[in-house]
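Asks: Have a look at this one before I ask anything.
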Amino acid sequence: MLHPETSPGRGHLLAVLLALLGTAWAEVWPPQLQEQAPMAGALNRKESFLLLSLHNRLRSWVQPPAADMRRLDWSDSLAQLAQARAALCGTPTPSLASGLWRTLQVGWNMQLLPAGLVSFVEVVSLWFAEGQRYSHAAGECARNATCTHYTQLVWATSSQLGCGRHLCSAGQAAIEAFVCAYSPRGNWEVNGKTIVPYKKGAWCSLCTASVSGCFKAWDHAGGLCEVPRNPCRMSCQNHGRLNISTCHCHCPPGYTGRYCQVRCSLQCVHGRFREEECSCVCDIGYGGAQCATKVHFPFHTCDLRIDGDCFMVSSEADTYYRARMKCQRKGGVLAQIKSQKVQDILAFYLGRLETTNEVIDSDFETRNFWIGLTYKTAKDSFRWATGEHQAFTSFAFGQPDNHGFGNCVELQASAAFNWNDQRCKTRNRYICQFAQEHISRWGPGS
């Protein structure tokens with residue numbers, strides 16, 4: 001919670017003054033106040049920016065956290081209204097109360113204090129401090145206290161702000177009027193009781209579709225709902241171009257990845273380079289990241305043979321891309337399932353394996369297995385690791401369902417080892433495949 005940068009004595013004095021002068025404008029309408037010339041009353045741009053920033057910072061500091069708190073934007077028209085109301089110096093004007101301002105559904109926070117005692121920033125901070133006396137769970141303020149400044153300040157659906165101040169005279173003393181206007185207004189009542197100003201929950205978890213962005217300043221952890229800067233809520237790095245309609249990054253030469261964040265500088269010694277994955281597809285008989293290693297087929301590691309191809313099921317778990325690299329180091333690829341026959345045999349084998357095979361790495365997250373199929377955003381389709389288009393499919397019911405976020409495919413145990421799209425950082429066991437044409441050219445291993 002923000003506290004004004006004042007001495008303890010001064011802070012206590014401010015609190016006492018607030019209690020004495022009242023916390024609602026209706027309580028401080030002394031008839032002797034007279035309007036003075038507005039020479040120094042209007043806020044300049046710097047003051048407007050500071051007040052707006054403070055409001056948003058305080059709104060993102062509420063406890064419990066707010067799930068639907070909107071970010072406020074400055075409104076010059078509201079600032080003009082606030083300035084005009086401050087110039088009334090507390091005098092009630094029925095025509096304004098019942099006319100245009102009520103039609104606009106504007107909410108008000110207003111304060112009269114001795115001139116020069118506090119800054120506008122300190123006044124707003126003191127409004128927020130009323131929250132110490134407010135119970136969100138009960139939806140009410142402490143007995144004999146008022147929290148209406150606080151509840152309006154943190155009213156979740158208010159999205160526009162404008163403030164003004166004015167110097168008024170009261171006999172020998174000078175009084176300063178501070179006013180902030182909020183739209184849409186808050187502090188609505190049901191059956192005589194003010195409803196809670198916001199919904200409790202994780203920051204930005206209940207933002208509406210029109211404000212689905214989540215604004216976070218650098219110096220705090222809270223979040224405020226805002227109109228998204230782009231509907232994709234993402235940006236492309238390294239001078240990549242974002243296609244707003246497809247939410248895909250078009251990367252410049254030498255970069256790849258969902259956000260063009262991966263620099264591609266590989267040289268494939270015995271193989272071809274796949275720019276979209278920044279990886280090598282090795283020639284027969286070679287493996288490793290750059291296809292520079294001569295490999296030998298490890299016959300003793302074949303778990304099953306299907307139509308001459310060898311399939312090896314790992315006893316360890318890893319992320320998708322690390323699993324793919326481990327298969328390539330051995331001269332193979334992550335399994336490519338291109339027929340119902342291969343799918344049926346693997347599903348049967350893995351089902352039996354669940355109760356018989358030992359796992360040396362107990363840190364795996366699921367009982368699922370990676371295969372060599374990934375979603376390519378640039379092509380808007382799933383492709384095998386070799387770049388081939390996926391013709392045969394065995395996705396489980398309702399899959400794929402991650403819409404570009406689960407880009408890697410696993411055999412899912414809970415779905416009888418049919419396919420599921422999953423986040424590539426998930427740790428699974430995996431299946432390496434050694435094709436028949438590869439095996440025929442490899443020399444015997446040691």
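Just so you know, glycine gets a Cβ as well, placed from its N, Cα and C.
Positions annotated as signal peptide by Swiss-Prot: 1-26. Feature annotation from Swiss-Prot assigns N-linked glycosylation site to Asn144; the stated evidence is sequence analysis. The domain 'EGF-like' feature in Swiss-Prot is assigned to 228-261; the stated evidence is sequence analysis. Here Swiss-Prot flags 306-433 as domain 'C-type lectin', drawing on sequence analysis.
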Asks: What is the number of residues in the domain 'EGF-like' (228-261) that are helix, strand and coil, as DSSP sees it?
Replies: 0 helix, 8 strand, 26 coil
Asks: Could you tell me the mean pLDDT the prediction assigns to the domain 'EGF-like' (228-261)?
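Replies: So the average pLDDT across the domain 'EGF-like' (228-261) works out to 79.
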Asks: Please list the DSSP helix, strand and coil residue counts for the domain 'C-type lectin' (306-433).
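Replies: Residue counts for the domain 'C-type lectin' (306-433) by secondary structure: 27 helix, 39 strand, 62 coil.
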